[in-house]
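Taken verbatim from TrEMBL:
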- 41-68: domain 'C2H2-type' (DOMAIN)
- 69-96: domain 'C2H2-type' (DOMAIN)
- 97-124: domain 'C2H2-type' (DOMAIN)
- 125-152: domain 'C2H2-type' (DOMAIN)
- 153-180: domain 'C2H2-type' (DOMAIN)
- 181-208: domain 'C2H2-type' (DOMAIN)
- 209-236: domain 'C2H2-type' (DOMAIN)
- 237-264: domain 'C2H2-type' (DOMAIN)
- 265-292: domain 'C2H2-type' (DOMAIN)
- 293-320: domain 'C2H2-type' (DOMAIN)
Amino acid sequence: MEASIESNDKDLSSDLGVKDLKASSTDTNVQILTRSDDKLFTCDICNKVFPQKWPLKRHFLTHMNEKPYSCDLCCKKFSRQENLIQHIRTHTNEKPFSCDLCNKQFSRKGYLTEHHRIHKNEKPYSCDACGKKFIEKRYLNKHIRTHTNETTYSCDVCGKKFIEKGYLNDHFRTHTGEKPFSCVICNKKFSQRSHLSMHYRTHTNEKPYSCDVCNKQFSCKSDLNRHLRTHMTEKPFSCDVCHKQFSRKNDLNKHIYIHTNERPYSCDVCSKQFSRKSDLNRHLLTHMDEKPYSCDVCHKQFSRKNGLNNHIRTHTNEKQMCIANSFLKNGI
């Protein structure tokens, strides 16, 4: 039995370039692997402990930066096979782990564990500076940087700074136009994984964000935040020219065109210009002869929805009623 253990230790030592704890008391300064009396193997680089040699061998790859497992779809490499399997789910959108309480599904067991804390209202990670608590440690780490004003990563193109390398990578794609995240259903591509996740909800009709006031549901949190302002009548964006206020910044941007007479959206067919993209889109339908709005009664088609609405009144006699009301109102 002892011979077998010595043989196993020797194999592991030769594989990793390490020495056994029992080899010599003078060799303690050059150890990479140690083994205690209860046969636990310890990595002397990071002190992580393993009950067997094979998980230690696998772990040691993380120190050697060796990544033998490669994704066939995007060629990204991983040091562990299970990390590759988890990564592949980002391409297939497979979510094998499901919450027993709300049936929400996740691609990783760790994500499910973190999600459970939402139901328990469990926030185990606390900020030492202000006492604010968080569900996940990564959220705490991000929050701590708000106290330290730490901005580690800077964009070489525009100089914008970010507290995380991942945020910098996402931002950099705005310069390169790279869109590495693709929808497996419709092949639409995105520059950020979070944008792909939100897009998937258009296929699944999932709306996980709910308004506490009116219970209206939304597919992304930013839409909920904009909606909440309708209840609070909050309008934080103000026009510098006429001081009109808006609840959304893009509404303010559109309004400013009234003062500048700017028309940034141009038709490629006839060069007609528009102040709003939605107006350009409606105009383009006149060139394409596309009529996406159809009457359910007579099946007549229209390029604009308000054209369909006006037509429907011919079936409901609304048009005649509108004319009559107009005559009465004007005293004719």
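A Cβ is built for glycine as well, from the same backbone N, Cα and C atoms used for every other residue.
TrEMBL does not curate its annotations; it predicts them automatically.
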Sort the residues of the domain 'C2H2-type' (209-236) into helix, strand and coil with DSSP and give the three counts.
12 helix, 4 strand, 12 coil
Give me the stretch from 153-180, 181-208, 237-264, 265-292, 293-320 with the greatest number of Cβ pairs under 8 Å to the domain 'C2H2-type' (69-96).
181-208
Lying 6 or more residues past either end of the domain 'C2H2-type' (97-124) yet within Cβ distance under 8 Å of it, the residues of that chain are 86, 89-90, 133-136, 208
Counting only residues 6 or more past its boundaries, what in the same chain has a CB within less than 8 Å of a CB in the domain 'C2H2-type' (153-180)?
74, 142, 145, 189-192
